[in-house]
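Asks: Below are the C-alpha cells for one structure; questions will follow.
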Amino acid sequence: MSEQKEIAMQVSGMTCAACAARIEKGLKRMPGVTDANVNLATETSNVIYDPAETGTAAIQEKIEKLGYHVVTEKAEFDIEGMTCAACANRIEKRLNKIEGVANAPVNFALETVTVEYNPKEASVSDLKEAVDKLGYKLKLKGEQDSEAAAKKKEERKQTARLIFSAVLSFPLLWAMVSHFTFTSFIWVPDIFLNPWMQFALATPVQFLIGWPFYVGAYKALRNKSANMDVLVALGTTAAYAYSLYLTFQSIGSHGHTDGLYYETSAILLTLILLGKLFETKAKGRSSDAIKKLMKLQAKTATVVRDGQEQIIPIDEVLVNDIVYVKPGERIPVDGEVVEGRSAVDESMITGESLPVDKNPGDSVTGSTVNANGFLKIKAVNVGKDTALSHIIKIVEEAQGSKAPIQRLADQISGIFVPIVLGIAVLTFLIWYLWAAPGDFAEAISKFIAVLVIACPCALGLATPTSIMAGSGRAAEFGILFKGGEHLEKTHRLDTIVLDKTGTVTNGKPRLTDAIPFGRFEEKDLLQFAAAAETGSEHPLGEAIIAGVKDKGLEIPKLTRFEAKVGAGILAEAGGKSILVGTRKLMESEQVEHGALLAQMEELEAEGKTVMLVSIDGEAAGLVAVADTIKDTSRKAVARLKELGLDVIMMTGDNRRTAEAIAKEAGIANIIAEVLPEQKAAEIARLQKEGRQTAMVGDGINDAPALATADIGMAIGTGTDIAMETADITLIRGDLNSIADAIRMSRLTMKNIKQNLFWALGYNSLGIPIAALGFLAPWIAGAAMAFSSVSVVLNALRLQKVK
C-alpha cells in the first residue's frame, strides 16, 4: 500500500446535514478512500485516500455525480519559451500531475494555459514552479471565480430570487387575510381573490424560484436518499397541486374559490429563501477570523529581477528573491534581513505592541509591518510555506473538522428525513380517515405542515458553526486548535503540566546579582568576570557578558583562557589573573572564599546559579545568573487555579532550584530532576491516576510528552517539532493563553450543547405540534426557515468572547 494522501475540497450545493452525510457515505465507498469528512458549515470535504487506487479527479467526479459541485479556481497564464506542440504537451502533462489540478489545457497557438485547480491543494506559485523546472515561464493574466467571489455571486443571486419571490407572493399573502375573522376588515382587491390570478402569481414562484429544490430533491432521490429539498419540494408541490385541482374545478363559477393553498406554497418558498439568505450571511460571518488573517497578507512585493526593481503579485515571489520593503509596508514573505535596519511590528504574531529591532542576519515574518527603516530581505519561505499561511491552514482545518460530539447529530441527520416523510404520511392518513374523515383539504394542510416544519439544517449546523466561531475567535487570541476533537477534549482538562525552561521562565538566563567583596567594586567584579567568559560558549557566560554590556561597561581583552570541566574558568585579561566558577575551583586554586558562602547559599535558595570570582588570587565577590520567570507567569498560574485546574511544574533542574522558581510563579506542585526521556513517562503516570492532563512545552525534548498528554500545547516561540506534535499551538508564548484556550473550549462546548438542545428540542416539539394541527403550513415554514438561522446566530456569539 502506497503512502496515503489527504485532499480538501470546497463543495457547493449542500442544503442540509443529510447532503453532507450522503457525500461522506458516497466517498467512503470509493475504492482507495480510507476516510472522508464532510462539513456542512464550512462547505468542505476532507478525504484521505491511497493515490495508487484513486485520485483527485475521481474524488471530484464522485462528488459531482452525487449532485454537488466542487468549487475550483481558474488562473490564466501566458507561456514563454514554447517552440512546438510537443512543448505544449509537456507543460499540460506536468500541470495535470500537480495535486489539486483538475484541468490544464494548453493552447499552443495563443501560448496560453487556463488552469482549473483546487485552491486548498495547489497555488499559483506551485504551478509556476512546476513549469519553471521544465524550462518555461508562466505569467499570470488574472484569476477568476475565486471562492470569495463565487460566494458573493451566490449571495446576490439569492437576494434577487428572494425579491422576485416576495413581490409575487405579497398579493397572495394579502388575499390570505380574508380567510381569518380577525382580519376580515382589511380590504382585499377582488383580482387577488381570483383563482386564476393566484395561479398566475404562484406558478413562477413554484417552478422558477422553487426549481433548485426540485433539482436537489431529484439528485437526492436518484442517489436513494432524502434531504431537506425533498421535504420542501413535496410539501409545496402538494399545496400547489391541490390548489391547481380546485382552480380547474372552479371553471364556470364566478368570484373566488375557497380552500386554495397557493399562498401556502409561495409564502413557504419565500420564507425558506429568506431564512437561507440569513443563514448564508451568518455562516459567512463565522469565518471572519480567516478573512481577518487573509487581510494581513501582502498582495504585492517589490523584488529585484534582472537588475531592476519590479512590483509583482505575491504568488510570483520565489525562494531566494531579494525583496525591498519600505517603511510602513507589510513584509511580504518570511525571510532574512540582508541589508538595512528597522523596527518591525510583530504584534500579529506575538501580540506584543512594541516593535522589534531588526538588523542584517535577523529573521523576519511575512505580514508583519516594517515600521521605520528600509530593508532588503532574502525570501526564505514563500506562498503556502510562510508562517501566516501555516496559521491560516491550521485554522481552516480546525474549522472544517468534526468534534466527537457531532456524531450524535450525524447519526440522527442520516435517518431524519425518511422518518419525517413517514410521520407526514401517517399524519395525512389519521386526519383523512379518522380526525376529519374525508376532509382532504384539512388532511393535506397537516401533511404539509409536518413536512415543512422539520429542519435537518439546524441539527447539521449545531456543532460545526460553533467549532468555526470558537476556533476562529481563539485564533484571534493567538491560540491555534489543530481540530475540533482537541477543542472538545480541552474542556475536560483538570491538570496542567508546565515545562519550566522557556514556558514558565523566559528560557534565556540573565545576570541578576553582582556582589563585590573586600576592596573590589562592582565594576571590577563585572568587567573581569565578563572578560573571562568571552572565551566560553556556555549560556551562563553569555548571560554575564550581555548583562555587563547592558550596563555600558567596557570588557578587557582576554589574553589567556582555560576551561576546567565542571568547575569553571581560569583566564587572564587586562594584566589580571581571573577565576570564575564553583567552590571546588576556589578550593583547588587555594582562594579563601568562606565569607561569601552564606550569601551564595541564599542566592542558590532563590533558584539562581552562583559563580565565585577571584582576581589575582583574591576573592572579588560573586555573580548570579538565573532563568527568570516570565512577567505573565504568576498571573497565568493564578488564572488556571481559578478555573479549578491543578498546576504542576516539571523540570530537569534540582529540587531546590525548581522549588524556588515554582514558589515565585505560585506553583505548589513540582516534578523535579526529570530527564528529557522521562517526561512522557511522568505524564503517563498522571493519566493512570485518572487525570485529564495537558502538557505545555516549547522544546524538542518536550515532543514525546506533548504527544503522550491528553492535550499537548506548544509555546509558539519554541521549536517547529514541538508545534508539529502539539494539539494546540500558543503562538504568543504567553502562559495566559493556556487559560484562554481552556475558557474558549468550555464556552464552545456550552454553545454546542445549547445548539443541539435547540435543534433537537425544536424538531421533537415542532413535528408533533404540526401533526396535531396547531400550526398553519406557512407558520410551520417560517419556523423551519428561522430555526437554522437561530443556531448560527447563537454560535456567532462566540466571536464576541473577550
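Including glycine, each Cβ sits where the backbone N, Cα and C put it.
Feature list, courtesy of Swiss-Prot:
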type     : residues       : note
ACT_SITE : ASP499         : active site, 4-aspartylphosphate intermediate
BINDING  : CYS16, CYS19   : Cu(+) 1 binding site
BINDING  : CYS84, CYS87   : Cu(+) 2 binding site
BINDING  : ASP698, ASP702 : Mg(2+) binding site
DOMAIN   : 73-139         : domain 'HMA 2'
TRANSMEM : 162-181        : transmembrane segment
TRANSMEM : 196-218        : transmembrane segment
TRANSMEM : 230-249        : transmembrane segment
TRANSMEM : 259-278        : transmembrane segment
TRANSMEM : 412-434        : transmembrane segment
TRANSMEM : 447-469        : transmembrane segment
TRANSMEM : 756-775        : transmembrane segment
TRANSMEM : 779-796        : transmembrane segment
Asks: Can you work out whether the transmembrane segment (756-775) touches the transmembrane segment (259-278), with the criterion being 3+ CB pairs under 8 Å where the paired residues are 6 or more apart along the chain?
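Replies: No, the stretches stay apart by this measure.
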Asks: Can you tell me the mean pLDDT for the domain 'HMA 2' (73-139)?
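Replies: In the predicted model, the domain 'HMA 2' (73-139) has a mean pLDDT of 81.
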Asks: Across the domain 'HMA 2' (73-139), what are the DSSP residue counts per state (helix, strand, coil)?
Replies: 23 helix, 22 strand, 22 coil
Asks: Applying the under-8 angstroms CB criterion, which one of 196-218, 412-434, 779-796 scores highest with the transmembrane segment (447-469)?
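Replies: By the under-8 Å Cβ criterion, the transmembrane segment (447-469) pairs most with 779-796.
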Asks: Taking the transmembrane segment (779-796) as the first stretch and the transmembrane segment (196-218) as the second, find out whether 3 or more Cβ pairs fall under 8 Å, excluding pairs closer than 6 in sequence.
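Replies: Contact absent: fewer than 3 Cβ pairs fall under 8 Å.
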Asks: For the recorded positions ASP499, ASP698, ASP702, which one has the sparsest Cβ surroundings, going by other Cβ atoms within 10 Å?
Replies: ASP698
Asks: So, taking each listed stretch (196-218, 230-249, 259-278) in turn and counting its Cβ pairs to the transmembrane segment (412-434) that are under 8 angstroms, which one gives the highest count?
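Replies: That would be 230-249.
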Asks: Sort the recorded positions CYS16, CYS19, ASP499 by C-alpha distance from ASP702 (Mg(2+) binding site) and give me just the closest.
Replies: ASP499
Asks: At the Cα level, what's the spacing in Å between CYS19 (Cu(+) 1 binding site) and ASP698 (Mg(2+) binding site), rounded?
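Replies: Distance (Cα to Cα, whole Å): 42 Å.
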Asks: Reported as an integer number of Å, what is the Cα distance between ASP698 (Mg(2+) binding site) and CYS16 (Cu(+) 1 binding site)?
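Replies: That comes out at 42 Å between the alpha carbons.
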Asks: Does CYS16 (Cu(+) 1 binding site) have same-chain partners at least 6 apart in sequence with Cβ under 8 Å from its own Cβ, and which are they?
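Replies: Residues satisfying the criterion: LEU40, ASN227, MET228, ASP229, SER413, PRO456, CYS457, GLY460.
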Asks: Reduced to three states, what secondary structure does DSSP give ASP499 (active site, 4-aspartylphosphate intermediate)?
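Replies: Going by the DSSP assignment, ASP499 (active site, 4-aspartylphosphate intermediate) falls within a strand, counted as strand.
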Asks: I'd like the Cβ neighbour count for CYS19 (Cu(+) 1 binding site), meaning other Cβ atoms within 10 Å of its Cβ, all protein chains included.
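Replies: Its Cβ shell of radius 10 Å holds 28 other Cβ atoms.
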Asks: Helix, strand or coil at CYS19 (Cu(+) 1 binding site), per DSSP?
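Replies: Note: CYS19 (Cu(+) 1 binding site) is helical by DSSP.
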Asks: Specify the secondary structure state of ASP702 (Mg(2+) binding site) as given by DSSP, simplified to three classes.
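Replies: The three-state answer is helix.
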